[in-house]
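According to TrEMBL, the protein carries these features:
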TRANSMEM  59-79  transmembrane segment
TRANSMEM  141-159  transmembrane segment
TRANSMEM  171-189  transmembrane segment
TRANSMEM  209-233  transmembrane segment
TRANSMEM  253-277  transmembrane segment
TRANSMEM  313-330  transmembrane segment
TRANSMEM  342-366  transmembrane segment
TRANSMEM  372-390  transmembrane segment
Amino acid sequence: FRKILTEICYLQILQNVQIKRTPLRQWLLRRAQTTEGGHASVRMASIPNAASDRVLGRWLVGCSGLVLGAVVLGGVTRLTESGLSMVDWHLVKEMKPPRTEAEWEDEFSKYKQFPEFKIMNHDMTLREFKFIFYMEWGHRMWGRLVGLAYILPTVYFWKRGYFSRSMKPRVLGLCGFVVFQGLLGWYMVKSGLEEKTESYDIPRVSQYRLAAHLGSALLLYCSSLWMGLTLMLPANKIPDSRNLLQLRRFAKVTGGLVFLTALSGAFVAGLDAGLVYNSFPKMGERWIPDDLLAFSPAIKNVFENPTTVQFDHRILGIGSLTAITGLYLFSRRVHLPRRAKIAIGCLTAMAYTQVVLGISTLLLYVPTSLAATHQSGSVALLTFAIWVLAELRKVVK
């Protein structure tokens, strides 16, 4: 600002004494106009408006895409049983994988000290170890990329004044959640590295911690996607009616059911419950299996009995499909904009696709590629549910 005022004073002096239009004066005029214009554009960019909202919306949707990639990669890491290959955690040091043969041997010797190698992989070769190591390493590096994608632009946009007062705490919450998610991931891995002398079961991470890790990732994904879509997409000005209010409530309940179904998939994965009853629609020869309540107390079956976990996942999946079908049929009674109709149509189509994927995964004894596709489908279904909610949101007056 001091430089701008100085140049303006020079121009005023030149005008007052009526100096002829010399090259120097022309240069001063151009410089003052350019500087004033540049600072004006900075001032305008620092005020939240429709253009800055679109920029922030694209950024948040892009971040949600990275979170989606982390969820998919994490699922593949779990399905290939690679998650316990890295037995320690360092924020910076582990970013560089082993390069020399000696470094690989050292890393492999660390892995040999833990239960997974002793019980399951005692005949594993160094070449096989490299594959599972790179799977887990790639997942961790992707997580760091997600963190940078949230934190660095937040600092930039904050300094430029892009965030409104109400948005600042929400963005800080997202950044804090990313850090929490990384720490929760290591807390989950630690549960699979512990020696369990009282159990002869195969080493695996705690299904509770796995569900917490996946659930927090899905919450981060949903929050980022919701904020991004509401910033990018103008709210539809739909006339309020009784049917519309009911449709909004129906969509919220359906979205919650889809989220709960996706979260229950973490317990299925954590307990390998997809390998218990590989038949459909019955579980074996029965609609309700005999060992549904085999554990005591009964509540323990919901989270620790593979049979009950698979049964619950089936019920939630069928319930989600029924709710989405009902939402689609009910939406036909409401006059909706074209974009909202497309969102509901995509949600319905994805729901039926996801059920087919789930049944196929079960009947084919959980092949890795199909199981990974099924898990990705759950996030795609959640994506369409968030889109529907964004299209049906109420216009703020």
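Every residue, even glycine, has its Cβ placed from backbone N, Cα and C.
Whatever TrEMBL says is automated annotation, not expert-curated.
Residues 53-54, 56-64, 67-68, 70-71, 74, 78, 167, 170, 173-174, 177-178, 180-181, 184-185, 187-188, 191, 259, 262-263, 265-267, 269-270, 339, 379, 382-383, 386-387, 389-391, 393 of the same chain lie 6 or more positions beyond the ends of the transmembrane segment (209-233) yet place their CB under 8 Å from a CB of it. When the stretches 141-159, 171-189, 253-277, 313-330, 342-366 are ranked by Cβ pairs under 8 Å to the transmembrane segment (59-79), first place goes to 141-159.
Counted over residue pairs separated by six or more positions, the transmembrane segment (253-277) shares fewer than 3 Cβ pairs under 8 angstroms with the transmembrane segment (141-159), which leaves the two as not touching. When Cβ-Cβ distances below 8 Å are used as the criterion, the transmembrane segment (372-390) is approached by residues 68, 71-72, 75-76, 79, 218, 221-222, 225-226, 229-230, 233, 251-252, 254-255, 258-259, 261-262, 265, 269, 320, 327, 340, 343-344, 346-347, 350-351, 353-354, 357-358, 360-361 of the same chain, each at least six residues removed from its ends. Residues 79, 274-275, 277-280, 317-318, 320-321, 324-325, 327-328, 331, 336, 373-374, 377-378, 380-381, 384-385, 387-388, 390-391 of the same chain lie 6 or more positions beyond the ends of the transmembrane segment (342-366) yet place their CB under 8 Å from a CB of it.
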